[in-house]
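Student: Among the features that TrEMBL reports, domain 'DNA polymerase III beta sliding clamp N-terminal' is placed at A:1-127. Look at TrEMBL and you will find A:137-252 tagged as domain 'DNA polymerase III beta sliding clamp central'. Feature annotation from TrEMBL assigns domain 'DNA polymerase III beta sliding clamp C-terminal' to A:255-377.
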Protein chains: 2
Amino acid sequence: MKLSISKHELNEAIQQVAKAASSRPTIPILGGIKIEVTHQGVTLTASDTDISIQSFIPVERDNLVIAHVDKPGNVVLPAKFFVEIVKKLPSENVEIEVGAHFQTLIRSGSTDIQMVGLDPEEFPVLPSIEHNELFQMPGDLLKAMIRQTVLAASVNEQTPILTGVLWSLQDKQLKFVATDRHRLASRIAQAETAADYRFNNVVIAAKTLVELSKLVPDQHGLVDIVVADNQVLFKIGNVLFYTRVLDGTYPDTSKIIPSMFKTELVLDTKNLTDAIDRAYLMSREEKTNIVRLTTLEDGAIEISSSSTELGRVTEQLEAKQFDGEALKIAFNSKYMLDVLKVIDSEQIFIGFTGAMSPIVIRPTDHNYNTYVILPYRTTN
Amino acid sequence: MKLSISKHELNEAIQQVAKAASSRPTIPILGGIKIEVTHQGVTLTASDTDISIQSFIPVERDNLVIAHVDKPGNVVLPAKFFVEIVKKLPSENVEIEVGAHFQTLIRSGSTDIQMVGLDPEEFPVLPSIEHNELFQMPGDLLKAMIRQTVLAASVNEQTPILTGVLWSLQDKQLKFVATDRHRLASRIAQAETAADYRFNNVVIAAKTLVELSKLVPDQHGLVDIVVADNQVLFKIGNVLFYTRVLDGTYPDTSKIIPSMFKTELVLDTKNLTDAIDRAYLMSREEKTNIVRLTTLEDGAIEISSSSTELGRVTEQLEAKQFDGEALKIAFNSKYMLDVLKVIDSEQIFIGFTGAMSPIVIRPTDHNYNTYVILPYRTTN
């Protein structure tokens, strides 16, 4: 293998795939980036077996030469050092040449780097996925759906299935759900698919979705998504992102969300966020993050929290709308903040069915998002 | 105590003093900020007994009312919560009222905060320092001297005196020295003082100087400095910064710095920095950070480092000037990078007196800075 390539393009592709290289590989090859060179271009791949990312650099783009290939070939280079050194090479032109035993020479300006390369034959083989049944989503919508659901996924690895986000598709409606048993986030959207295309129980790790999100441009351009038996493939321009789906059956959450309420509030999202944020500062001292919401006589509400050592924060807020019974309820202020931060609407609806029942939070201007928070049972 | 005050001004003063409040106080009062209110203004003080910072907010500045004092008084409030809550108060106007048992009420917009205040009588008394013998330094020069010396101070608390920077003044020349026994940094400057004013063995903790540095504006305005027996006081506008000096006698470093050299190099600072930075990436893998410098036949030098697992980086650099014997020497690349990053000159001089002798680094355009790095003894 021998080629010269643009440092800028090489660096960009390396940054895209490097996240999939294992930072503490059980075997060295999993901490590597595979470089495949053909006369068409250069393919970089990293894989920790859970996720795999592949990026393709063509030899030419828009009549501009990006790479010049003297001799095709393959090699695997240790990711951590390779990622950092390419960024810092002195010249915009980088030459890479692989010799016997995968010894690799990287040359740029007056810098010479000899790297111990690994055998590409030992690199994990990417899952083969049939591209028949794919659907498409605008990148910005995919990012929004991820951002608005991952917050409720569990971080406790003892219940692996709950560390994921449940994807389902039916009647051209795509739905994401995440819950850690204390709170739930759900988001729906219309998808561009065949009317009879459907799937269920596709659960993808929340942290994988966060990584995927970083690779998706914040634009309306379409992302291809292929859901296979135990893998999902995302195609974002020249980048392929493969992820394993989590094993197990996701619990049925359909009955958790109340549809009738005894108390209904509409509040200004920013005012409520700021008030809860201040109460959170106090509640944090008690570790429990308990904040109380109390309805007042005149259609206002009071948010309060207290700490025996520090004192007490009391906030008054005007409700835009207030229907139903008076209420006093306690909940985790951090959970509420997590929800308020991802709701993009100016006003929110909060529905209660009593001090011990799930709290439902929704934007007022559409019904794509639904959030549920379980209240605290407090003696006071 | 009762007053109303501008949130912006209060917040700014809190941010200035908060660094001196102990984050893990042995007694609660040391984790507090003392608020003293008189008809002249508001004084905030925090102290962990090693350093104390005081900031004064006048009731009026440039004919603008900053605070309105109804009733003078004192209280101590827990710093951590106070720092964060003031930043997030909803209105630009903040009312503070202290009742019985130092119960403190903070009111802003529709936010009410009750805080458990502490008795100001228990707060540490600031050192009393005679202001007779003060000297002055431009703020930007003080910051530069700190930045160019703290890097060589020891981080090992087992030799407390070496965690400090040695200050001395003689013949109107101020000198800072720091060393951790493996490297040394020294910086001199002319000071505005009486010709016969002198001091020696004033050692201030490097981490204290870094904190001080953050409070000094990056401008030419003068900072007043008062050196007392075991305290130094810095006056920066409305802010007073007190620090304890470290106990013990600083070792004599005057004989460490060679003045005659067998090999002398002048190099472009940026080119050398970049080359060593790349070699550092490789050397880091071996934990030792060993980089080798070898003079070549044609007035060039070679920088190299290697790792058994990863490979080898080789860099060639043209010397701007090269006098004396051929040389092969090994040193800690991290130490060299630390020095190169704080030298503001375009070219640097490096002097060697053999592979086992201290390496001296200086800017070429002035002799205010001197750096010394001890080489590694390697078998190769």
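Cβ coordinates come from backbone N, Cα and C, glycine included.
For the listed features, I'd like the structural context: burial, neighbours, distances.
Tutor: Each residue in the domain 'DNA polymerase III beta sliding clamp central' (A:137-252) has a pLDDT score, and their mean in this model is 95.
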Student: What are the helix, strand and coil residue counts for the domain 'DNA polymerase III beta sliding clamp C-terminal' (A:255-377) according to DSSP?
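Tutor: DSSP classes over the domain 'DNA polymerase III beta sliding clamp C-terminal' (A:255-377) add up to 28 helix, 54 strand, 41 coil.
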Student: How many of the residues that make up the domain 'DNA polymerase III beta sliding clamp N-terminal' (A:1-127) does DSSP mark as helix, as strand and as coil?
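Tutor: Residue counts in helix, strand and coil order: 31 helix, 60 strand, 36 coil.
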Student: Do you know the DSSP helix, strand and coil residue counts for the domain 'DNA polymerase III beta sliding clamp central' (A:137-252)?
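Tutor: Per-class counts: 26 helix, 50 strand, 40 coil.
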